[in-house]
Amino acid sequence: MHRVASSGNTSGSSRPRREKRLTYVLNDADATKHCAGINCLAVLKSSAADEFDSLFTGSRDGTLKRWSLSEDGPSCSATFESHVDWVNDAVLAGGNTLVSCSSDTTVKVWDSLSDGTCIKTLHQHSDYVTCLASANKESNTIASAGLGGEVFIWDIEAALTPTTKSSDTTKDDGTNGINGSASTLPLTTLRPVGSSNNISLHTPQPQGYVPTAAKGHKESVYALAMNESGTLLVSGGTEKVVRVWDPRTGSKTMKLRGHSDNIRVLLLDSTGRFCLSGSSDSMIRLWDLGQQRCLHSYAVHTDSVWALASTPTFSHVYSGGRDRSLYLTDLATRESVLLCTKDNPISQLAMHDDGIWVATTDSSVHKWPAEVRNPQKVFERGGSFLAGNLSFSRARVSLEGSAPVPIYQEPSYSILGTPGIVQHEILNNRRHVLTKDSAGTVKLWEITKGIVIKNYGEVSFEKTKEELLEMVSIPAWFTVDTRLGSLSVHLETPQCFSAEIYSVDLNISGKPEDDKVNIARETLKGLLAHWLMKRKQKSGSSALANGDMPSGKDISSRTLPLSRTEVDGNAENDSLVYPPFEFSVAFPPSIMTEGSHGGPWRKKITDLDGSKDEKDFPSWVLDCVLNNRLPARENTKCSFYLLPFEGSSVQILTQGKLSAPRILRVHKVVNYVIEKMVLDKPLDSISSDGAFSAGLTDGSLRSGLKPWQKIKPSIEIFCNNQLLSPDMSLATIRTYIWKKSDDLVLNYRIAK
Amino acid sequence: MGATGSRLEKALGDQFPEGERYFGLENFGNTCYCNSVLQALYFCVPFREQLIEYYSNNKNPADAEENLLTCLADLFIQISSQKKKTGVIAPKRFVQRLKKQNEIFRSYMHQDAHEFLNYLLNELVDTLEKESLSAKSDSDTSSTSEKIANGPNISHANGPNISHANGGVQKEPLVTWVHKNFQGILTNETKCLCCETVTARDETFLDLSLDIEQNSSITSCLKNFSSTETLNAEDKFFCDKCCSLQEAQKRMKIKKPPHILVIHLKRFKYIEHLGRYKKLSYRVVFPLELKLSNTVEDSDAEYSLFAVVVHVGSGPNHGHYVSLVKSHNHWLFFDDENVEMIDESAVQTFFGSSQEYSSNTDHGYILFYERTTTASTS
């Protein structure tokens, strides 16, 4: 039963993996909060009386969350983590299925009631998937649309069917199920052939499910809606027209013109006769699809309309958008009223009982009273106005300062998120990153440990950055972005292996003075410590399957052997994780990679469960952490000339150009000069190709009592007539003092 | 050459404008690129007058350091102070100075007139900025404000018309009289299609280089110039607000139209598969009166054509430059030493040809328009 190296795994390893990037996402807050704008909402009404309703939120932080809506207020009951970019939309389909789409170009299918299991990843889109639409909550028909004009209609049940069987067979008993193998294998290449041992991954199988494509959009799609019976699909985007489709065939039925800018949101009534559209031209339009014409246009907003929701009878519409305002409009009388104003643009709305959930581009969601059952009651409170039919009519109102007063001041429920990071700066030491979040808080991160090492509070980012300025030069071994509201650190081979550091500088004890570590390699080892441990347990248990060794399952995952002593016993010295690279277990970072089989995935480092993930790590990562094989990279040496300072009487014999590691410090150069002066003969070991450092390594300043040390003269090293501090590295001198691309020139003299 | 001069005089007769001089310029071997542009600039009356004014106000016999500005001013003064109304002048000092200063123009090769114009205007600006700077430091040390050796047009150098530049300009650049004549401001607007934030970046220009199409007009070329471009697919826009790559719409608008609008038609196009430049002889209609409609601040800036630099020939590496100039409502044709009067209707023969291989190889290349409506802002 401990057949760990499954068939899928072995055949997978022979496939070429070309991806060059591995990303890890840091977090310092509890996992029950979103840390970036909310893009989508979906409400699941409970079927049983004793259960609570659920709200699903999808965020720009790349995750979805389920909120249990108890009387005590909402609480986070699950996090759906697998997308590697913004979650743009989510809908509920038949059988408690949650479907989400992302800027990572995938559509993912989840069991909405699970603890976050991704059942399936659908790869059909080639660009960001911006929106989804479903028929009714029992139906399996959903549609996805995105940039580049791609529109697909899916039968979710059919899309899931071909792989469920193999998913069962390859499922490991020890896994928690997140991102199971089914979701990481491309649907076109995987199909069950007899037993699981014979799954063929090499021949693409045309039998895989292919969705219906609705072809016709020339430009990107930003809005999508389907009627309840799934007989009508509408889409809109930068073409400024509403396109109407038959989702059963993917054929075009009509095209409706009227908007003068991008269409951002669409809504269909249950019958599919009426359609509402919201546009960047700030207008809401009501269309009669039967008559193929625009019945009304409503100038309610002063800026783009991004979100619409209607009462069940389609008599009233709730609308929100870039102007941060939520309005209620009577579609028949054109009477409109301002319900509330927010601090951020409104991205989506969801009706829930008598209230409305409002998502904004910040990380919080609020529920507002809305009198959904009897919207007329809102108008009785006064403050309503008549919506015009020209886009500038409302803009004028706001210019005149006669904007209405919102009916509601306070939301009835709030789900608060944490502020997302909006600004960042990589510090010169290339281990620390300074960030500022949307609340103005400035923090300093140590990215090789994934933790915040200092919280400055609300201070000036620029000033803090200046205060932290260090004159050191270390190669750029990683890049950072903050699109997910947290720090995403990207490692790309081979550039990521360009930075080395002395063990001494990291306070790693018990190492010789000249011991260097490769920062990226140590970081990868730290990130994958848990995975390596699991893997070792599994391979150990499988090798000793006949023995009495405990299986990997029996070892509690709470005791993470991240410190070196615990691993020491059964590993070669090299696989130790040094303390400066021990990642947080309380707030574990997530790994993201493009994956080789099932496309991009994301997982917390503590959820990596051993060999099963191996096939989806880029090969260079495995080479690095398992075999200590680093890719060939550019020379880490620095060439320089060592010449006497002008007017100095001291002259030593040097053999032209010297070469040393870029991180070599000035005091080593001092040692070299002294050694040469005292010995008064050229060091045989010195050549122009790197042997310089070798000649020095045994001459440790502190340890030996070599004759030249006793009469040690004081030597000063200069570059561009500037005295260099003994701590400076050659790379730092080159960047900050030499400032030229040609070979560095250092000058020496006896201190006066 | 006396004959041509007298013929022109005869043609103009009583209508010969008071105080105006029409002189041909001698060619020193492939210097027609220079002559054609000099004629256009000479008949750009505000430029000529301001150059001469600046020069006479700032002439300092003590430091007689020659530069392109002094040479150009000397040449213009030489022409305008001629006793005869017509004739030929050799712009010897100017051409020598040009060749001395810039290697590119040193050879006897065929040169690009637009490149020359661009170089000349930038060189003038550099000289003015340098002189203003030294004048400023002079006045700072002596602290007598009268001693400012600036011309009258430079006194309120840091004009307000550029202060709304959106982040692109760090320090207020000096606005010289060259800028006041030729400089306009373009604004590059990018709208993120996700958060719909518009980022605008301003940039200044001394002339507009337009891509051209067969059988088109300046108006349609300008429309293409400021048409909306979508940044999408592999070429998305990094939105600072979204902290991510998003689709965006980008367009270029003329924010502040210049007083003198110089339009350069990109007739010399690099053809990849040929590995060389090719001349596009496309017919591009340039109207005598031009209305700019795609501006932000002035919705209807109106311009009148006063000079055209014409490229004669079928290829980019050889050929000839002549210029058409409108002076006191007469159109004149300048071909190095020769000056002739032409009919206004003859201007349209320089639009270009509808067929690729046409016997007509005289094509309008650089157009000079002067604004007729007074600018509302400056």
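Just so you know, glycine gets a Cβ as well, placed from its N, Cα and C.
The following features are taken from TrEMBL:
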type	residues	note
COMPBIAS	A:176-187	compositional bias 'Polar residues'
REGION	A:164-189	region 'Disordered'
REGION	A:539-560	region 'Disordered'
REPEAT	A:80-111	repeat 'WD'
REPEAT	A:122-164	repeat 'WD'
REPEAT	A:214-255	repeat 'WD'
REPEAT	A:256-297	repeat 'WD'
Secondary structure content, the repeat 'WD' (A:80-111) (per DSSP, counts of residues): 0 helix, 21 strand, 11 coil
Per-region confidence, the repeat 'WD' (A:256-297) (mean pLDDT, whole number): 96
Remote residues contacting the repeat 'WD' (A:214-255) - C-beta distance under 8 A, at least 6 residues beyond either end: 127, 130-136, 139, 141-153, 261-272, 275, 277-279, 287, 289, 292
Tally of residues which DSSP labels helix, strand or coil - the repeat 'WD' (A:122-164): 12 helix, 19 strand, 12 coil
Tally of DSSP helical, extended and coil residues in the repeat 'WD' (A:256-297): 0 helix, 23 strand, 19 coil
The repeat 'WD' (A:214-255): DSSP-derived helix, strand, coil residue counts: 0 helix, 21 strand, 21 coil
